[in-house]
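Let me begin by presenting the structure, written as structure tokens, before commenting on it.
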Amino acid sequence: MQIEGGSEGVIVGGTTGEGHLMSWDEHIMLIGHTVNCFGTRIKVIGNTGSNSTREAVHATEQGFAVGMHAALHINPYYGKTSTEGLISHFEAVLPMGPTIIYNVPSRSGQDIPPQVIDALSGYSNLAGVKECVGHERVKCYTDKGITIWSGNDDECHDSRWKYGATGVISVASNLVPGLMRSLMYEGGNALLNEKLLPLMKWLFCQPNPIALNTALAQLGVARPVFRLPYVPLPLEKRIEFVRIVEAIGRGNFVGQKEARVLDDDDFVLISRY
């Protein structure tokens, strides 16, 4: 569905893909499976980042061994480090293959400051940065010729058309890939952006991927099974989603089934898997 919608790449095992809930064996298996099934039709980026440099190196080595086209690397979270430590961490994985650095301080607890990216910009394997800090940070990099993907759906239109971002690594594109492609590649379109903002806002009413998982279940694209600690959105938010689908148009969303409001009893929550 993503390929048909015009997505240029997929992140396997990122935040939205619940990589942090997987064992590394499962994680690498899914990267390899995606490459095997779709690697000639779409770029496959494996999230092989870790707060442990040793684990990041090992996982990245395995990811490239199973055929991923690029790696996504977050900075060490919780166990934060110094500026010099951040540079050393990324320098340990950059020689292994094309790398996108992911800056999301709200999750990692630490900003990757521009001096870190500046220090790494000489590496030919630095494919770019997924940046969540905002427009000014995006412009800081694009002015230097560094490739940037917006990490914020609600900012991606302006980041793309006003501040020079290449595109977006998106949550909403899991639901409306064709519309997100139009937003990124068919010129500035404030009306389309305005139309999509309620969906983008809804997707982040609770920490991602709670809303997305709920939406995919209500569209009949994924089974209504949640790995704890994630639980589905409450009923009023599930009703709101169906109204959003109606407003945007069901044909713009992935899947073939009608959007429906699921009951609490329709969901399965699992703690061991």
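Easy rule for this one: first residue shown is 1, then count along the chain.
The backbone N, Cα and C atoms fix where each Cβ goes, and this holds for glycine too.
Note that TrEMBL annotation is computational and uncurated.
There are 18 other CB atoms within 10 A of the CB of T16 (pyruvate binding site), with all protein chains counted. Residues or ranges marked as pyruvate binding site in TrEMBL: T16, I169.
Around the Cβ of Y102 (active site, proton donor/acceptor), 24 further Cβ atoms fall within 10 Å across all displayed protein chains. The active site, proton donor/acceptor annotation in TrEMBL covers Y102.
Look at TrEMBL and you will find K130 tagged as active site, schiff-base intermediate with substrate. Taking a C-beta cut-off of under 8 angstroms and a sequence separation of 6 or more, K130 (active site, schiff-base intermediate with substrate) has the following same-chain neighbours: L72, I100, I101, Y102, N103, V104, I148, W149, S150, G151, I169.
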Would you mind checking how many other C-beta atoms are within 10 angstroms of the C-beta on I169 (pyruvate binding site)?
24
